[in-house]
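According to TrEMBL:
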type: ACT_SITE; residues: 234; note: active site, charge relay system
type: ACT_SITE; residues: 238; note: active site, charge relay system
type: ACT_SITE; residues: 437; note: active site, charge relay system
type: BINDING; residues: 479, 480, 503, 505; note: Ca(2+) binding site
type: DOMAIN; residues: 161-525; note: domain 'Peptidase S53'
């Protein structure tokens, strides 16, 4: 239905930044262990100084918005985003072609005001604005699944699903592998679904599953609105496993910031990162979209936001997705379908594994849902060229070359268990929850423990991990070499995407964490 013309909208204008080439070189220098600048991260103020839009951009956009009747405009420290309130009528006059409608959907009957039609910026502005947010993007949905329980005979020495103690056993953590409580180390997870976690669920989860390691039973800081509704399974999973893998480390939660009809939660999170000078060192995010569903302007700009985070020494971990290689049809031909932000070259992407025997703490094999593949947008970063070339030349059963872009950014970078987790939601323990939304906070928590050691030794936090990870050729990780993930159900590939093999592969990356070995390879400068 057409939106009421008086209805208020909040729109975010992404202003054109400067010196992106220099930013990219700086990221390389601070993230590459062989560079003299390694670990010498920029502050938020340094980043602002570097990329702040030209004065002409700032004045042109502000004048234009004021003339259009925009109110209540807020900027961020880096001055490259401007969020303003307008009525639907003003927004439609301002952005020719846009036509706002009200949509109701999703399990929580979310109301959103969006324009299904593309907009055009006035010519005078086009060179100053990358994109306008709050127009097209719908709230994301979760792909977490509860899988049927595997059938088992006999029960001696078995576990019945993944819990913190199963993770700690598999990845070789001892009771001493917890935060010291003496550093300013912290970690965060960000949630964009219409979902919340509950402190009482976290406390119950730790009561049931946290008995054999020191932990914190509550979240240190919630940023954004925590709803009063029922807890979501995704939100509960993220918090419970980030805080049990990264045990005893101060944890922040970015909760869906604002139910307001026109705000895009993911964009709001990026704005928060650009406006806060002291942030947790590790952020885990279980959010993704098909790369092809996003405009090029949006995807490039979001990638620049990840570059800004990398320059500041933040480690951003994204779930690789739960559709294997994905699949879509382009002018009648099938192709794999990469996911973003998993495909960004400036984040560390986490795939998923299962136990070879679902009831024993055994070797891991591919979880067939584990997202992976090659970007159609981003070229392959230099840090992974050797690893990808080795995979492409040695994999015995590659899919046909028309299905993927062999010269694109390849992902995931690493993996962890993603199958059969226990989660407490609304005070009830729920078994067999599966998805890379589970593996991502687990890997993030372990990196937080490594940061703890680095901080205690006087070293900077790990920052953007990929250049180091690929230089060390997966040292400290269990290589996963068995199994393939899913893809197009057609005669040509018959549902099979890529297969894992020795070394890096686009299904499980370099593999899953062997904590003591990973700590050893990552603790020194």
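Each Cβ is built from the backbone N, Cα and C atoms, and glycine gets one as well.
Taking the features listed in TrEMBL, we show where each one sits on the structure.
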{"residue": "238", "record": "active site, charge relay system", "contacts (Cβ under 8 Å, 6+ apart)": "189, 191, 197, 253, 284, 286, 437, 440, 441"}
{"residue": "479", "record": "Ca(2+) binding site", "contacts (Cβ under 8 Å, 6+ apart)": "502, 503, 510, 511"}
{"residue": "480", "record": "Ca(2+) binding site", "contacts (Cβ under 8 Å, 6+ apart)": "353, 364, 365, 366, 415, 500, 507, 508, 511, 512"}
{"residue": "505", "record": "Ca(2+) binding site", "contacts (Cβ under 8 Å, 6+ apart)": "372, 391, 395, 498, 499"}
Sparsest-packed among the recorded positions, when each Cβ's other Cβ atoms within 10 Å are tallied, from 234, 437, 503: 503
